[in-house]
Amino acid sequence: MKRWKDRRTGLLLPLVLLLFGACSSLAWVCGRRMSSRSQQLNNASAIVEGKPASAIVGGKPANILEFPWHVGIMNHGSHLCGGSILNEWWVLSASHCFDQLNNSKLEIIHGTEDLSTKGIKYQKVDKLFLHPKFDDWLLDNDIALLLLKSPLNLSVNRIPICTSEISDIQAWRNCWVTGWGITNTSEKGVQPTILQAVKVDLYRWDWCGYILSLLTKNMLCAGTQDPGKDACQGDSGGALVCNKKRNTAIWYQVGIVSWGMGCGKKNLPGVYTKVSHYVRWISKQTAKAGRPYMYEQNSACPLVLSCRAILFLYFVMFLLT
């Protein structure tokens, strides 16, 4: 009997270490940015939890520590579109950014809010995946994945954004859009070097569909009651991020900047790809490429707790047998 128990212990140890390693790999939780106290110590713009200090057209300069998932996608050294970090291997963006482009000259910049920073870090793109049903006229299924040639070194200014299959816009609050797109529509072609951010509200699909007849169910819209605040040219592919109403500490990507009728016009909200409709496609595509990505399913239990629960159940089974 003692020998059998020793044998079970020998079998248990590697399994426990394997599960512990799996849980430890999730320690860098998506959507959790630097706390306001730590940010002040680093002489960055102070934030209140869930409320960026920055207020794109009508926006204000943002610090990368407020939106550490935001990246710039470059083509031949020029800013092309925005994107967001899903994990150390993957960047999420919009398909329309890459019309008739290949990945040979694509790079991303990350970890900075200033495009003019000396010694800026570039990361080469290895593969580009456009949605197979992308419609370049309607801009339906306007979503793309970029696989990097080497993994990102995640840190306080390079943090993955969370995604979720929750589609109900009522579940979200405190939504923001970021980008290096134009800030003044009268100065076309002039883009800022400093990242901009603007707060927006999510609007009901039926109301948006009445105003914008080309809206599909794969899109959502967001804007403000004040004209002059919106995403614009150059912001495409960037993330529309929100907090859950019951959890203001974690940020989720709800939309991808896609299209609009002008920028910041009254009663004409911006249109975004609805990310919740594509989390399973993202999961399947990344798995096929050999670099799987896990999204948060519509569950009350976080993934890290699930790991702990597995460990606990395994120990209980061990003690009872």
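Backbone N, Cα and C define each Cβ position, glycine as well.
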Selected residue, Swiss-Prot feature N-linked glycosylation site, from candidates ASN43, ASN153: ASN153
Among CYS208, CYS232, cysteine joined to CYS221 by disulfide in Swiss-Prot: CYS208
Per Swiss-Prot, cysteine bonded by disulfide to CYS175 (from CYS162, CYS232, CYS242): CYS242
CYS208 (disulfide bond) - helix vs strand vs coil (DSSP): helix
Which recorded positions sit within 10 Å of ASP142 (active site, charge relay system) - Cα, from HIS96, CYS97, CYS221: HIS96, CYS97
Three-state secondary structure, SER236 (active site, charge relay system) (per DSSP): coil
Inter-residue Cα distance where the pair is SER236 (active site, charge relay system) and CYS208 (disulfide bond), in Å: 19
Closest of CYS81, HIS96, CYS175, CYS221 to ASN153 (N-linked glycosylation site), Cα positions, recorded positions only: CYS81
For CYS97 (disulfide bond), the one of CYS175, CYS221, SER236, CYS242 that lies nearest, given that the recorded positions are compared by Cα: SER236
